[in-house]
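Trainee: Structure provided below as C-alpha coordinates; questions to follow.
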Amino acid sequence: LSKFRLSAFVVSTAAAGFVLGSPTSMDAGKLAATCAGTMLCSASANALNQVVERAPDGTMRRTAGRPLPSGRCGAGVAMAFAGACAVSGVGVLAIATNETTTALGAGNIALYAGAYTALKRVHFLNTWVGAVVGAIPPLMGWAAANELGTLDPGAFVLASALYLWQMPHFMALAYMGKDDYVNGGYRMLSHPMFDKTGRRVAGVAVRNSLALLPLGVLACAMGVTTSPFAYETLALGAPLVAAAAAFYAAPSFPAARRMFFGSLLYLPAFQALACLHRVPRDHTVDAYESLRQASANFPWHCVPFAAAYDWSPERERLKQFRSRALGPALSETSVAPFPFLPLPIPSCPHDRAYAQGGESRAS
(Lines of atoms letter the chains of each structure in order from A and count residues from 1; the text may use other names and numbers.)
(Lines give C-alpha, C1' and ligand atoms only; values in the text may rest on other atoms or scores of the structure.)
Protein backbone atom coordinates (compact mmCIF):
# COMPACT_ATOMS: atom_id res chain seq x y z
CA LEU A 1 0.00 0.00 0.00
CA SER A 2 2.87 2.38 0.71
CA LYS A 3 4.73 1.52 -2.51
CA PHE A 4 7.70 1.09 -0.23
CA ARG A 5 10.47 1.32 -2.83
CA LEU A 6 8.99 4.48 -4.32
CA SER A 7 8.53 6.00 -0.85
CA ALA A 8 12.12 5.10 0.06
CA PHE A 9 13.30 6.89 -3.07
CA VAL A 10 11.24 9.95 -2.07
CA VAL A 11 12.89 9.87 1.36
CA SER A 12 16.33 9.85 -0.28
CA THR A 13 15.53 13.10 -2.10
CA ALA A 14 14.32 14.73 1.12
CA ALA A 15 17.49 13.56 2.89
CA ALA A 16 19.65 15.02 0.11
CA GLY A 17 17.80 18.32 0.44
CA PHE A 18 18.41 18.28 4.20
CA VAL A 19 22.14 17.68 3.74
CA LEU A 20 22.48 20.45 1.15
CA GLY A 21 20.52 22.90 3.29
CA SER A 22 22.44 22.18 6.51
CA PRO A 23 25.30 24.08 8.13
CA THR A 24 28.65 22.43 8.77
CA SER A 25 27.24 20.48 11.70
CA MET A 26 24.10 18.56 10.71
CA ASP A 27 21.36 17.68 13.17
CA ALA A 28 21.12 13.88 12.85
CA GLY A 29 17.98 13.69 14.98
CA LYS A 30 16.13 16.20 12.86
CA LEU A 31 17.31 14.44 9.70
CA ALA A 32 15.90 11.15 10.98
CA ALA A 33 12.59 12.81 11.90
CA THR A 34 12.38 14.49 8.49
CA CYS A 35 12.95 11.16 6.77
CA ALA A 36 10.37 9.42 8.94
CA GLY A 37 7.76 12.12 8.38
CA THR A 38 8.40 12.17 4.65
CA MET A 39 8.13 8.38 4.48
CA LEU A 40 4.76 8.41 6.23
CA CYS A 41 3.41 11.24 4.05
CA SER A 42 4.51 9.40 0.92
CA ALA A 43 2.95 6.15 2.16
CA SER A 44 -0.34 7.95 2.79
CA ALA A 45 -0.40 9.53 -0.66
CA ASN A 46 0.38 6.22 -2.36
CA ALA A 47 -2.31 4.35 -0.43
CA LEU A 48 -4.93 6.98 -1.25
CA ASN A 49 -3.90 6.80 -4.90
CA GLN A 50 -4.47 3.05 -4.91
CA VAL A 51 -7.90 3.41 -3.31
CA VAL A 52 -9.01 5.79 -6.04
CA GLU A 53 -7.45 3.71 -8.85
CA ARG A 54 -8.31 0.21 -7.63
CA ALA A 55 -10.66 -0.47 -10.60
CA PRO A 56 -8.33 0.66 -13.42
CA ASP A 57 -5.36 -0.95 -11.64
CA GLY A 58 -7.12 -4.28 -12.01
CA THR A 59 -7.14 -3.95 -15.81
CA MET A 60 -3.38 -3.36 -16.11
CA ARG A 61 -0.77 -6.12 -16.01
CA ARG A 62 1.71 -3.89 -14.20
CA THR A 63 -0.67 -3.10 -11.32
CA ALA A 64 -3.10 -6.04 -11.16
CA GLY A 65 -1.13 -7.63 -8.33
CA ARG A 66 -1.46 -4.66 -5.99
CA PRO A 67 -3.28 -5.26 -2.68
CA LEU A 68 -6.65 -3.74 -3.65
CA PRO A 69 -7.25 -5.11 -7.18
CA SER A 70 -5.91 -8.52 -6.14
CA GLY A 71 -8.36 -8.69 -3.23
CA ARG A 72 -5.71 -9.02 -0.52
CA CYS A 73 -6.91 -5.82 1.12
CA GLY A 74 -10.20 -3.93 1.31
CA ALA A 75 -10.73 -0.24 0.60
CA GLY A 76 -11.64 0.42 4.25
CA VAL A 77 -8.36 -0.98 5.53
CA ALA A 78 -6.44 0.97 2.90
CA MET A 79 -8.19 4.21 3.88
CA ALA A 80 -7.45 3.60 7.55
CA PHE A 81 -3.79 2.94 6.72
CA ALA A 82 -3.60 6.12 4.61
CA GLY A 83 -5.23 8.20 7.33
CA ALA A 84 -2.95 6.86 10.05
CA CYS A 85 0.14 7.54 7.92
CA ALA A 86 -1.04 11.06 7.06
CA VAL A 87 -1.76 12.04 10.67
CA SER A 88 1.46 10.53 12.04
CA GLY A 89 3.62 11.83 9.18
CA VAL A 90 2.36 15.40 9.36
CA GLY A 91 2.52 15.18 13.17
CA VAL A 92 6.16 14.11 13.17
CA LEU A 93 7.06 16.95 10.81
CA ALA A 94 5.11 19.47 12.90
CA ILE A 95 6.83 18.42 16.15
CA ALA A 96 10.36 17.89 14.87
CA THR A 97 10.74 20.48 12.09
CA ASN A 98 8.87 23.68 11.24
CA GLU A 99 5.75 25.06 9.60
CA THR A 100 7.20 25.19 6.09
CA THR A 101 8.21 21.54 6.07
CA THR A 102 4.90 20.49 7.60
CA ALA A 103 2.86 22.46 5.08
CA LEU A 104 4.84 21.03 2.17
CA GLY A 105 4.34 17.49 3.47
CA ALA A 106 0.60 17.87 3.94
CA GLY A 107 0.22 19.74 0.65
CA ASN A 108 2.06 17.05 -1.26
CA ILE A 109 -0.36 14.38 -0.01
CA ALA A 110 -3.25 16.45 -1.35
CA LEU A 111 -1.48 17.24 -4.61
CA TYR A 112 -0.60 13.61 -5.35
CA ALA A 113 -3.75 11.89 -4.13
CA GLY A 114 -6.00 14.67 -5.36
CA ALA A 115 -4.92 16.70 -8.39
CA TYR A 116 -2.44 14.27 -9.94
CA THR A 117 -4.54 11.13 -9.43
CA ALA A 118 -7.70 12.77 -10.78
CA LEU A 119 -5.92 14.28 -13.77
CA LYS A 120 -4.42 10.97 -14.92
CA ARG A 121 -7.72 9.92 -16.54
CA VAL A 122 -8.42 13.39 -17.96
CA HIS A 123 -5.32 14.90 -19.60
CA PHE A 124 -1.68 14.04 -20.27
CA LEU A 125 -0.60 17.14 -18.34
CA ASN A 126 -0.92 14.93 -15.27
CA THR A 127 2.74 14.02 -15.81
CA TRP A 128 3.82 17.60 -15.31
CA VAL A 129 1.72 17.86 -12.14
CA GLY A 130 3.32 14.64 -10.93
CA ALA A 131 6.74 16.14 -11.59
CA VAL A 132 5.90 18.99 -9.21
CA VAL A 133 4.95 16.39 -6.58
CA GLY A 134 8.35 14.76 -7.01
CA ALA A 135 10.18 18.08 -6.71
CA ILE A 136 8.70 18.97 -3.31
CA PRO A 137 10.47 16.44 -0.98
CA PRO A 138 13.95 18.00 -1.47
CA LEU A 139 12.39 21.35 -0.55
CA MET A 140 11.00 19.71 2.59
CA GLY A 141 14.48 18.52 3.51
CA TRP A 142 16.06 21.91 2.86
CA ALA A 143 13.40 23.74 4.89
CA ALA A 144 13.75 21.26 7.76
CA ALA A 145 17.51 21.86 7.97
CA ASN A 146 17.10 25.39 9.29
CA GLU A 147 15.04 26.66 12.22
CA LEU A 148 13.07 29.23 10.22
CA GLY A 149 12.21 26.86 7.38
CA THR A 150 13.43 29.31 4.76
CA LEU A 151 13.85 28.31 1.11
CA ASP A 152 16.55 30.48 -0.46
CA PRO A 153 17.22 30.18 -4.23
CA GLY A 154 19.77 27.41 -3.72
CA ALA A 155 17.01 25.12 -2.45
CA PHE A 156 15.52 24.93 -5.93
CA VAL A 157 18.61 23.43 -7.59
CA LEU A 158 17.88 19.89 -6.38
CA ALA A 159 14.13 20.47 -6.76
CA SER A 160 14.71 21.46 -10.40
CA ALA A 161 16.79 18.34 -10.93
CA LEU A 162 13.94 16.19 -9.60
CA TYR A 163 11.38 17.99 -11.75
CA LEU A 164 13.38 17.73 -14.96
CA TRP A 165 14.63 14.18 -14.33
CA GLN A 166 11.11 12.81 -14.00
CA MET A 167 10.36 13.50 -17.66
CA PRO A 168 12.90 11.18 -19.34
CA HIS A 169 12.27 8.68 -16.55
CA PHE A 170 8.50 8.60 -16.85
CA MET A 171 8.31 9.11 -20.61
CA ALA A 172 10.31 5.91 -20.99
CA LEU A 173 7.94 4.13 -18.61
CA ALA A 174 4.87 5.55 -20.35
CA TYR A 175 6.13 4.38 -23.74
CA MET A 176 6.98 0.89 -22.52
CA GLY A 177 3.60 0.51 -20.82
CA LYS A 178 1.48 2.46 -23.27
CA ASP A 179 -0.89 -0.46 -23.96
CA ASP A 180 -1.43 -0.95 -20.25
CA TYR A 181 -2.20 2.73 -19.77
CA VAL A 182 -4.71 2.64 -22.62
CA ASN A 183 -6.42 -0.38 -21.04
CA GLY A 184 -6.59 1.44 -17.71
CA GLY A 185 -8.10 4.55 -19.28
CA TYR A 186 -5.18 6.81 -18.45
CA ARG A 187 -4.46 9.79 -20.69
CA MET A 188 -0.68 9.69 -20.89
CA LEU A 189 1.24 11.46 -23.64
CA SER A 190 2.14 8.02 -25.02
CA HIS A 191 -1.54 7.36 -25.80
CA PRO A 192 -2.01 6.84 -29.58
CA MET A 193 -4.51 9.68 -29.50
CA PHE A 194 -1.65 12.10 -28.73
CA ASP A 195 1.47 10.37 -30.06
CA LYS A 196 1.24 7.57 -32.61
CA THR A 197 4.96 7.34 -33.35
CA GLY A 198 6.59 7.94 -29.97
CA ARG A 199 8.48 10.97 -31.24
CA ARG A 200 6.49 13.38 -29.11
CA VAL A 201 7.22 11.42 -25.95
CA ALA A 202 10.89 11.18 -26.95
CA GLY A 203 11.04 14.89 -27.67
CA VAL A 204 9.97 15.70 -24.11
CA ALA A 205 12.68 13.37 -22.83
CA VAL A 206 15.35 15.03 -24.98
CA ARG A 207 14.41 18.57 -23.92
CA ASN A 208 14.41 17.77 -20.24
CA SER A 209 17.63 15.75 -20.44
CA LEU A 210 19.33 18.76 -22.02
CA ALA A 211 17.88 21.04 -19.36
CA LEU A 212 19.58 18.92 -16.68
CA LEU A 213 23.07 19.66 -18.02
CA PRO A 214 23.57 23.21 -16.66
CA LEU A 215 22.25 22.44 -13.17
CA GLY A 216 25.76 21.76 -11.87
CA VAL A 217 26.88 25.18 -13.06
CA LEU A 218 23.79 26.70 -11.44
CA ALA A 219 24.57 24.94 -8.17
CA CYS A 220 28.06 26.47 -8.19
CA ALA A 221 26.71 29.91 -9.08
CA MET A 222 24.35 29.82 -6.12
CA GLY A 223 27.01 28.58 -3.74
CA VAL A 224 25.27 25.26 -3.12
CA THR A 225 28.23 23.14 -4.23
CA THR A 226 31.89 23.54 -5.03
CA SER A 227 33.32 23.76 -8.53
CA PRO A 228 33.98 20.08 -9.41
CA PHE A 229 30.24 19.37 -9.27
CA ALA A 230 29.73 21.45 -12.42
CA TYR A 231 32.04 19.22 -14.44
CA GLU A 232 30.73 16.01 -12.92
CA THR A 233 27.10 16.78 -13.72
CA LEU A 234 28.00 17.48 -17.34
CA ALA A 235 29.71 14.10 -17.56
CA LEU A 236 26.83 12.45 -15.73
CA GLY A 237 24.14 14.00 -17.91
CA ALA A 238 25.76 13.35 -21.29
CA PRO A 239 24.84 9.61 -21.42
CA LEU A 240 21.24 10.40 -20.48
CA VAL A 241 21.04 12.96 -23.30
CA ALA A 242 22.54 10.40 -25.69
CA ALA A 243 19.98 7.77 -24.63
CA ALA A 244 17.13 10.24 -25.07
CA ALA A 245 18.44 11.29 -28.49
CA ALA A 246 18.68 7.65 -29.57
CA PHE A 247 15.11 7.10 -28.39
CA TYR A 248 13.99 10.14 -30.41
CA ALA A 249 15.84 9.01 -33.53
CA ALA A 250 14.20 5.57 -33.48
CA PRO A 251 11.44 5.15 -30.87
CA SER A 252 11.35 1.53 -29.72
CA PHE A 253 10.90 -0.53 -26.59
CA PRO A 254 14.65 -1.30 -26.24
CA ALA A 255 15.56 2.38 -26.67
CA ALA A 256 13.00 3.41 -24.05
CA ARG A 257 14.27 0.73 -21.69
CA ARG A 258 17.86 1.97 -22.03
CA MET A 259 16.74 5.50 -21.24
CA PHE A 260 14.70 4.26 -18.28
CA PHE A 261 17.61 2.41 -16.68
CA GLY A 262 19.95 5.30 -17.48
CA SER A 263 17.63 7.63 -15.57
CA LEU A 264 17.66 5.25 -12.60
CA LEU A 265 21.44 5.63 -12.42
CA TYR A 266 21.49 9.39 -12.98
CA LEU A 267 19.55 10.75 -10.02
CA PRO A 268 21.21 8.84 -7.15
CA ALA A 269 24.60 9.81 -8.57
CA PHE A 270 23.51 13.46 -8.92
CA GLN A 271 22.34 13.56 -5.31
CA ALA A 272 25.42 11.81 -3.95
CA LEU A 273 27.80 14.13 -5.81
CA ALA A 274 25.86 17.21 -4.71
CA CYS A 275 26.14 16.13 -1.08
CA LEU A 276 29.82 15.29 -1.51
CA HIS A 277 30.60 18.76 -2.89
CA ARG A 278 28.15 20.73 -0.77
CA VAL A 279 28.94 24.15 0.63
CA PRO A 280 27.64 24.37 4.23
CA ARG A 281 24.93 26.97 4.54
CA ASP A 282 26.70 28.81 7.36
CA HIS A 283 29.29 30.02 4.82
CA THR A 284 28.81 33.44 3.30
CA VAL A 285 28.35 33.18 -0.46
CA ASP A 286 27.99 36.11 -2.82
CA ALA A 287 26.31 35.12 -6.09
CA TYR A 288 27.95 38.01 -7.95
CA GLU A 289 31.38 36.75 -7.02
CA SER A 290 30.37 33.25 -8.15
CA LEU A 291 29.58 34.62 -11.60
CA ARG A 292 33.05 35.92 -12.34
CA GLN A 293 34.19 35.95 -15.92
CA ALA A 294 36.17 32.92 -17.03
CA SER A 295 39.46 33.07 -18.87
CA ALA A 296 39.50 34.47 -22.41
CA ASN A 297 40.93 31.22 -23.80
CA PHE A 298 37.85 29.30 -22.60
CA PRO A 299 34.97 29.24 -25.14
CA TRP A 300 32.37 30.18 -22.53
CA HIS A 301 32.44 33.53 -20.79
CA CYS A 302 31.02 34.43 -17.41
CA VAL A 303 30.74 30.77 -16.43
CA PRO A 304 30.16 30.36 -12.69
CA PHE A 305 32.72 27.80 -11.56
CA ALA A 306 33.70 29.63 -8.37
CA ALA A 307 32.93 28.21 -4.96
CA ALA A 308 32.64 29.48 -1.41
CA TYR A 309 36.10 28.32 -0.44
CA ASP A 310 37.56 30.84 -2.92
CA TRP A 311 37.05 33.54 -0.26
CA SER A 312 39.20 32.34 2.59
CA PRO A 313 42.44 33.23 4.37
CA GLU A 314 43.94 30.06 2.90
CA ARG A 315 43.31 31.29 -0.63
CA GLU A 316 44.75 34.69 0.26
CA ARG A 317 47.95 33.08 1.56
CA LEU A 318 48.13 30.91 -1.56
CA LYS A 319 47.85 34.00 -3.78
CA GLN A 320 50.68 35.70 -1.90
CA PHE A 321 52.88 32.60 -2.15
CA ARG A 322 52.25 32.26 -5.88
CA SER A 323 52.87 35.96 -6.38
CA ARG A 324 56.35 35.58 -4.88
CA ALA A 325 57.07 32.32 -6.70
CA LEU A 326 55.61 33.07 -10.13
CA GLY A 327 55.53 36.81 -10.37
CA PRO A 328 52.54 39.18 -10.49
CA ALA A 329 51.49 38.33 -14.08
CA LEU A 330 51.09 34.57 -13.58
CA SER A 331 49.70 34.87 -10.09
CA GLU A 332 46.63 36.71 -11.39
CA THR A 333 45.09 33.40 -12.46
CA SER A 334 43.82 30.64 -10.23
CA VAL A 335 44.23 26.91 -10.70
CA ALA A 336 41.40 25.00 -12.36
CA PRO A 337 39.66 22.20 -10.45
CA PHE A 338 41.12 19.54 -12.78
CA PRO A 339 44.52 19.58 -14.50
CA PHE A 340 43.04 18.42 -17.80
CA LEU A 341 40.53 21.30 -17.83
CA PRO A 342 42.68 24.45 -17.73
CA LEU A 343 40.22 27.11 -16.60
CA PRO A 344 42.18 29.94 -14.97
CA ILE A 345 39.72 32.28 -13.27
CA PRO A 346 40.79 35.93 -12.89
CA SER A 347 41.35 36.94 -9.31
CA CYS A 348 38.69 39.16 -7.84
CA PRO A 349 39.38 42.56 -6.21
CA HIS A 350 36.94 41.63 -3.42
CA ASP A 351 38.72 38.44 -2.36
CA ARG A 352 40.89 40.27 0.16
CA ALA A 353 37.80 41.78 1.80
CA TYR A 354 36.26 38.32 2.22
CA ALA A 355 39.52 36.91 3.53
CA GLN A 356 39.72 39.69 6.13
CA GLY A 357 36.29 38.95 7.52
CA GLY A 358 33.69 40.42 5.20
CA GLU A 359 34.71 44.09 5.16
CA SER A 360 32.84 46.45 2.87
CA ARG A 361 33.55 45.74 -0.76
CA ALA A 362 34.33 48.37 -3.33
CA SER A 363 31.70 48.91 -6.00
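Each Cβ is built from the backbone N, Cα and C atoms, and glycine gets one as well.
Predicted automatically and left uncurated, TrEMBL annotations should be read as such.
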Trainee: Can you identify, from 36-62, 198-224, the stretch that TrEMBL calls transmembrane segment?
Mentor: 198-224
Trainee: Would you say the transmembrane segment (126-144) and the transmembrane segment (198-224) are in contact under the rule of three or more C-beta pairs closer than 8 Å, pairs 6 or more apart in sequence?
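Mentor: Touching, no - the transmembrane segment (198-224) and the transmembrane segment (126-144) miss the threshold of 3 or more Cβ pairs under 8 Å.
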